Amino acid sequence: MTHFEKAPAKINLSLDVLSKRTDGEYNVEMIMTSIDLADRIELTTLEEDRIIVSLWSRYVPNDERNLAYKAASILKEKYNLNKGIHIKIDKCIPVSAGLGGGSTDAAAVLRGLNKIWDLNISMEELAVIGAEIDSDVPYCIYSSTAIAKGRGEIIEPLPSPPSSWVVLAKPNIGVSTKAIFKQVDLDSLSHPNTEEVIDALHEQDFEKLCSNIGNSLEDITTSLHPEVNRIKEKMTLSGAEGVLMSGSGPTVYGLVKQESKAQRIYNSMKGFCSDVHIVRILG
Ligand code: ATP
């Protein structure tokens, strides 16, 4: 039996780091929305009790370090399942980019196996299981638009942004989320206005959204990788209405209302940066 799941990437409309927890992790508040750039996950049941992951990427391992593998492995262990699965990942989301590629693959595997193995696990429970894999997995279980709190495991749905285009530009570097969090100094961190972003979503006010998107990690990543700032400047000069780094970076996105303008910005970013995409917000 074969089953397909779409695994959409996300962008952060906000990312705030609030406080350090006793377990050494950080309490965060992140508003995320999914975009129509996605990996495609093909799940095929196997006769033998094993997990196989196949994908073509020199940046992503295909063994137990793969988050999709981890998702299947945790589910088998938790529910005592002697079942086998072949996970094929058609990787379209740039890796180590701040777009949640690994987390969305893991979430898609959890959703897909829940269906093909008839496990009847609720979305809430899948999100709890997902939190054991990575902090972005609970959000990716639901996708759409939501605020994630705590370590990322508390999810509250939000209205999706007004219909718009997103231009993504990634410099030719990968950024490790762990390495960026190691540099966090709570005393000197800037904070986005999360409440204003939430209001803008409720009011469907595109201009208000664009002027309030913000990311506490941006200063850290840009100080280590100045090219991120150069891409932000270029994206702003090209006319994007809201410009921000997603996640821990290095991908920068520009929000644009009109398709023709988004296309022009895409073309001008193409001459500046190797990895550029033009996508829509999935909502
Ligand atoms: P986030 O925004 O959630 O921090 P990211 O987009 O910055 O994530 P990923 O693309 O998820 O980063 O990759 C981060 C690391 O996870 C890389 O070192 C990668 O090798 C590893 N990884 C494990 N499994 C996967 C997967 N299925 N897809 C992508 N990366 C994976």
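In case you wondered, yes, glycine gets a Cβ from its N, Cα and C as well.
TrEMBL annotations:
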- Lys10: active site (ACT_SITE)
- 66-143: domain 'GHMP kinase N-terminal' (DOMAIN)
- Pro94, Val95, Ser96, Ala97, Gly98, Leu99, Gly100, Gly101, Gly102, Ser103, Thr104: ATP binding site (BINDING)
- Asp136: active site (ACT_SITE)
- 198-273: domain 'GHMP kinase C-terminal' (DOMAIN)
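Positions of the features from TrEMBL, shown on the structure.
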| residue | record | contacts (Cβ under 8 Å, 6+ apart) |
| --- | --- | --- |
| Lys10 | active site | Met32, Thr33, Ser34, Ile35, Leu99, Gly100, Thr104, Asp136, Tyr139, Cys140, Ser143, Ser246 |
| Pro94 | ATP binding site | Gly101, Lys170, Thr251, Asp275 |
| Ser96 | ATP binding site | Tyr59, Gly174, Val175, Ser176 |
| Gly98 | ATP binding site | Asn12, Val175, Thr177, Met245, Ser246, Gly247, Ser248, Gly249, Pro250, Thr251 |
| Gly102 | ATP binding site | Val60, Asn66, Leu67, Ala68, Val95, Asp134 |
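Of all Cβ atoms in the shown protein chains, 29 besides its own fall within 10 Å of the Cβ of Thr104 (ATP binding site). Screening the recorded positions Lys10, Pro94, Thr104, Asp136 for a C-beta under 6 A from any atom of ligand 1 leaves Asp136. Residues in the domain 'GHMP kinase N-terminal' (66-143) partition by DSSP class (helix H, G, I; strand E, B; coil) as 43 helix, 7 strand, 28 coil. Within the group of recorded positions (Gly100, Asp136), the Cβ with the highest number of other Cβ atoms inside 10 Å belongs to Gly100.
Here the domain 'GHMP kinase C-terminal' (198-273) is broken down by DSSP into helix, strand and coil counts: 43 helix, 11 strand, 22 coil. For the recorded site, Lys10 (active site), the DSSP three-state label reads strand. The average pLDDT for the domain 'GHMP kinase N-terminal' (66-143) in the predicted structure is 97.
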